[in-house]
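Undergrad: Following this message is one structure expressed as structure tokens.
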Amino acid sequence: MRLALLWALGLLGAGSPLPSWPLPNIGGTEEQQAESEKAPREPLEPQVLQDDLPISLKKVLQTSLPEPLRIKLELDGDSHILELLQNRELVPGRPTLVWYQPDGTRVVSEGHTLENCCYQGRVRGYAGSWVSICTCSGLRGLVVLTPERSYTLEQGPGDLQGPPIISRIQDLHLPGHTCALSWRESVHTQKPPEHPLGQRHIRRRRDVVTETKTVELVIVADHSEAQKYRDFQHLLNRTLEVALLLDTFFRPLNVRVALVGLEAWTQRDLVEISPNPAVTLENFLHWRRAHLLPRLPHDSAQLVTGTSFSGPTVGMAIQNSICSPDFSGGVNMDHSTSILGVASSIAHELGHSLGLDHDLPGNSCPCPGPAPAKTCIMEASTDFLPGLNFSNCSRRALEKALLDGMGSCLFERLPSLPPMAAFCGNMFVEPGEQCDCGFLDDCVDPCCDSLTCQLRPGAQCASDGPCCQNCQLRPSGWQCRPTRGDCDLPEFCPGDSSQCPPDVSLGDGEPCAGGQAVCMHGRCASYAQQCQSLWGPGAQPAAPLCLQTANTRGNAFGSCGRNPSGSYVSCTPRDAICGQLQCQTGRTQPLLGSIRDLLWETIDVNGTELNCSWVHLDLGSDVAQPLLTLPGTACGPGLVCIDHRCQRVDLLGAQECRSKCHGHGVCDSNRHCYCEEGWAPPDCTTQLKATSSLTTGLLLSLLVLLVLVMLGASYWYRARLHQRLCQLKGPTCQYRAAQSGPSERPGPPQRALLARGTKQASALSFPAPPSRPLPPDPVSKRLQAELADRPNPPTRPLPADPVVRSPKSQGPAKPPPPRKPLPADPQGRCPSGDLPGPGAGIPPLVVPSRPAPPPPTVSSLYL
């Protein structure tokens, strides 16, 4: 077997062998299709650098596929080095491959171990560059140096071993094409909001916009597509190359694409493939729901057909349908041998499923791209250049859809492709590694050592998930993903991982919006909310009779949608509310599209005239559907809209599922009980005895407060007790109140004042007795006599003069006698003996707490 076949996923380990018989070629060969896309190309022999030594790429592929790969490539005469790493998230775990034998028997090859042959990376020396290349069958992919310099790499027709054919994207002349949305559009997108990204007044603990999402993708190749390739191996190679570009396109939006399965209708088509894309989409979605989804769980399925659709349409999908079991899919025409053209078309349809609308014309949705015709992936039509990037409008639309509750199935982390050998720096945590943040130049994780792929000292986790903060695991129960609407449920950290658990929502049929709707696929929208999303704040549902009259007519102003042939379908009176949206008031112009026609009509209701107005919205030439009511909208007591028909809500099984929760919980999207606080899963029958952390915190706070109050009361009681004891003991009390500063030394005691002041002093303070003799009084007695207030005249005779003591027993030295006689006793003193007021400038008298010193030798101070 040729070398290319050995490596073009030769690549397969365990599992059933892939079909290798030649397939009849009824759709035209790759060589024939390439004739219509001729453009200036240049062959080139790439080289692989190992230890800075150039080795032939062909020689490297004969041995093994290294995980880090450096390729030396010449572009426009200049040598460039591509620094690449294997994309290990492209094929998670073991994908499912399906094909059919000649007798119609389906062959399912599960558990294949694919050797990873797809790489992503950058060009050395070019900031903002990116590379997406597969080596499954030669060297194929895309190299973007700058927005103005982008190249595609393709293998020549029939030559899988030769050098790749390199073309500038500007030299690719693809046929003009457009996209048509199906009439079953399930959400109403808006024009870009005026506020820039990141300025919404919504606080999130972990922004769902920045959290990585993963789309589990299944690609189905119809019979005409399968006939273009010699065997299943070649078809698988091309599918991997397309899926790699899809992942590259969506990666800047924090959305990863993982190929979980490939099915090829190798013998015949399993549904009718019509030139009308609406018919093909309708048939494919019915087959997906009934046959594909039960045996191969996934988020989105994309049909690739070799049949040409009528007109310029190359694809069709349903707006905002991701995660829906009924509508999450699209159909795509393989209109080019270039993988870039096909991948860009599939990315466009997958973008519609994610809630992305067509970009507005003009410069309102800027997008970097090759000059002069800078095109974005979500443009309604591209005449020449395929889009390589999503515009700012697409980013805002995805943000709005996520915050509205879309995409609950996208938050599940999938197992990556098993590694051939652990390699530190590939950004995948492998056996023996605690973390992997890439090479030294790329690593921005402060918790991870990029040289050893081990956590730094003291770190518990790598900061690659919302449950890790400052290199420490968040506690179990910390909310890592808040609710995003009435039908969403919060997620909490497990306590032993940095990753947030998969997103779950309320189960289908659980009531929301105050009973005006029920949850469907994790979303809730009442009729009023849908009107406001189309006509702005203040819009309300039209009068019931106006609504019923319009939708039962089945025309452009009102219907229950279109059938695959394009004609309008009238609603029955019972189903009228589940048909086209009929609103009143609000804006004069809708937020989506424009008014093509306006119809006014007066209806007689039991003799009363009712004025009704209906509009025919122009949503663009490539969008051929009215805006219909969302599934889950209430249409009567116990009735909701399902498949645009008013049906009983119990068909959704919510009540049956809720009965398993025994009245203490509700059902989630996995049909499990989400128990109320205080009740334990799985059936909410066991009441938790442990108090919550909040209750525990409150009890501890009250206990601390009680201890502080008791300590304060004890201190106050002790102080009062001491004061009472001092009052009882009098001058001998050993306790005194705190003083702000040293007390002034009092003058000599006056007998009259001493008798009168003792009572006053006892009420003021009680200084402690001195522990040693006091020093001599530094203030002269003459000055004391001048400053002291005169006492009242004595009321009884003075005592006899004291006996003069010897000098040894005398106290302080006798002060000099006054120079002049003291004044006579003043008249008119206050008989009460009160001290002068503060205006006299005389300090108040302080009575000493120690015994008075011996009196002077004179018998009176007034002599």
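In case you wondered, yes, glycine gets a Cβ from its N, Cα and C as well.
These numbers come from a predicted model, not from an experiment.
Checked Swiss-Prot, it gives:
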SIGNAL    1-17  signal peptide
MOTIF     177-184  motif 'Cysteine switch'
BINDING   Cys179, His348, His352, His358  Zn(2+) binding site
TOPO_DOM  207-696  topological domain 'Extracellular'
CARBOHYD  Asn237  N-linked glycosylation site
CARBOHYD  Asn389  N-linked glycosylation site
CARBOHYD  Asn392  N-linked glycosylation site
CARBOHYD  Asn606  N-linked glycosylation site
CARBOHYD  Asn611  N-linked glycosylation site
DOMAIN    657-685  domain 'EGF-like'
TRANSMEM  697-717  transmembrane segment
MOTIF     815-821  motif 'SH3-binding'
MOTIF     850-856  motif 'SH3-binding'
Undergrad: Would you mind ranking the glycosylation sites Asn237, Asn392 by how many other Cβ atoms sit within 10 Å of each Cβ and giving me the lowest?
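TA: It is Asn392 that, of the glycosylation sites Asn237, Asn392, has the fewest other Cβ atoms within 10 Å.
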Undergrad: Based on DSSP, tally up the residues of the domain 'EGF-like' (657-685) by helix, strand and coil.
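TA: Result for the domain 'EGF-like' (657-685), in helix, strand, coil order: 5 helix, 9 strand, 15 coil.
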Undergrad: Let me know the DSSP-derived helix, strand or coil state of Asn611 (N-linked glycosylation site), please.
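TA: In three-state terms, Asn611 (N-linked glycosylation site) counts as strand.
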Undergrad: Do me a favour and check the Cα-Cα span between His348 (Zn(2+) binding site) and Asn611 (N-linked glycosylation site); whole Å is fine.
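TA: The Cα atom of His348 (Zn(2+) binding site) is 42 Å away from the Cα atom of Asn611 (N-linked glycosylation site).
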Undergrad: Can you name the residues of this chain that are 6 or more positions from Asn606 (N-linked glycosylation site) yet have a C-beta less than 8 Å from its C-beta?
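TA: Those within reach of Asn606 (N-linked glycosylation site), by Cβ under 8 Å and sequence separation of 6 or more, number none.
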Undergrad: Pop the mean pLDDT for the domain 'EGF-like' (657-685) in here, whole number is fine.
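TA: Its mean pLDDT is 88.
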Undergrad: For each of the glycosylation sites (Asn389, Asn611), count the other CB atoms lying within 10 A of its CB, then report the residue with the highest count.
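TA: By the 10 Å Cβ neighbour count, Asn389 comes out on top.
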Undergrad: If I take the Cα of Asn237 (N-linked glycosylation site) as reference, which of the recorded positions His352, His358, Asn389, Asn392, Asn611 has the closest Cα?
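TA: If we rank His352, His358, Asn389, Asn392, Asn611 by Cα distance to Asn237 (N-linked glycosylation site), first place goes to Asn389.
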